[in-house]
């Protein structure tokens, strides 16, 4: 089955992944590609539509991102957003100008609803502006289809060539008609069907993995988290017993997690599973290491070394499966965005790794991964399991990792998760966990002065981990969690709750 494809061309804007999500919400498959992608590569991909993202540059900047002018003559509908709008105008000999007054935030916009882009919309609505330049003269063959008080060309079109540009950001919630506008572009301009689904994605991945692997042997990096679990099941459905799952118990797991993973995948799914007890090995490598990036790199490298050793025991292994998902790739940086933190499945891989990679989920957001898991028949409880980073509790114990600190964090986290479940909040909160911030403080217990650890509780709401907000957990639940931890976990005398959104913070503390 050939899927309809929309390309999102990345010019370094902060909302690029949100654009991709908006497209996929319409059951249309899209890929984000760098602006340096050649015309030949674009032709080979044969997209049904192209979207230019925003970006921080001016079209007149010395190193401003460009595209080949030929792209506009391919007969493929193009939608330019913000910088993408200005670039289209500049490339086609329109004029872009810096205004006296910058336009930023919620703005009233006048729409020409005779345009396919604004079909069935109000003549005046609210949009979100964030720009310093604007189009002062549209290219030949274009007409203005939207204006604001400060922007004489808030949108333009060449309906004959199916070229559209908008100065505002339709992908954000503050543009009240944005989702409808993108839907109009996809279905009225690009004439797409919207038939991409998680079931079709799974079918295509299974077929592709069969073809890629052939009769070769595959090893899977299984952590028991949602991502690696879904990846393992997809590959298992494709090649069966050619797959061996290696579960590295590095001593950085949550309470009782190792036994649960072994029971589910060995007994329930009938997979070839090897459990490697490597706690001492990992803690030895992490001894004296406090820097979070070094911890991630060390753990990533040691994981691969363990896999290589297990692979040699198994014989001729050609491929390694990883549960890398799209936000992992984004957070590890691209050519047009800054690196936020190295992901263990990306930045931590040694350059001399001996396996070819299979990453069946690298194009999916977390909610899409869960949907694939449901399609594959993975138990609901496992599919909705809490996200857990590959480095495990090593990045929830701030500073040097020791057995004592791990034990404290593990017990506190188990209590937090247990009380969240009792309160019926498991599926209402995206992610929740306890971490040890490496802070000690004075307290009083049993009429005696104490100087013990602080536990930080973190809980966030999100749909894809790209952005998140802190969860409004009822006070009575937080109160019970706090009282239980200080009473049941030794060396803890203070509990704090993290009320920071992402951005500016990341979900994990390290």
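Glycine too: its Cβ is placed from the backbone N, Cα and C atoms.
What you are looking at is a predicted structure, and each value in this text was computed from that prediction instead of being measured.
In this structure, residue 82 (active site, nucleophile) belongs to neither helix nor strand by DSSP; it is coil. Taken from Swiss-Prot, the feature active site, nucleophile covers 82, and the record attributes it to sequence analysis.
Neighbour list (residue 169 (active site), Cβ cut-off 8 Å, at least 6 residues apart, same chain): 15, 54, 81, 82, 127, 128, 129, 130, 175, 178. The active site feature in Swiss-Prot is assigned to 169 (among others).
Annotation comment: Swiss-Prot describes 171 (among others) as active site, evidence class sequence analysis. The local packing around residue 171 (active site), expressed as other Cβ atoms within 10 Å of its Cβ over all shown chains, amounts to 26.
Its Cβ taken as reference, residue 227 (ATP binding site) is surrounded by 25 other Cβ atoms within 10 Å in the chains shown. According to Swiss-Prot, the ATP binding site annotation covers 223, 224, 225, 226, 227, 228, 229, on the basis of sequence analysis.
Annotation source Swiss-Prot lists domain 'Glutamine amidotransferase type-1' at 5-195.
Restricting the average to the domain 'GMPS ATP-PPase' (196-385) gives a pLDDT of 84. The annotation domain 'GMPS ATP-PPase' is assigned in Swiss-Prot to 196-385 on the grounds of sequence analysis.
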Please report the Cα separation of residue 224 (ATP binding site) and residue 171 (active site) in Å, rounded to an integer. 34
Cβ-based neighbourhood (8 Å from the centroid) of the ATP site, residues 223, 224, 225, 226, 227, 228, 229 excluded: 222, 230, 231, 232, 323, 385, 388
Quick one: what's DSSP say for residue 225 (ATP binding site), helix, strand or coil? coil
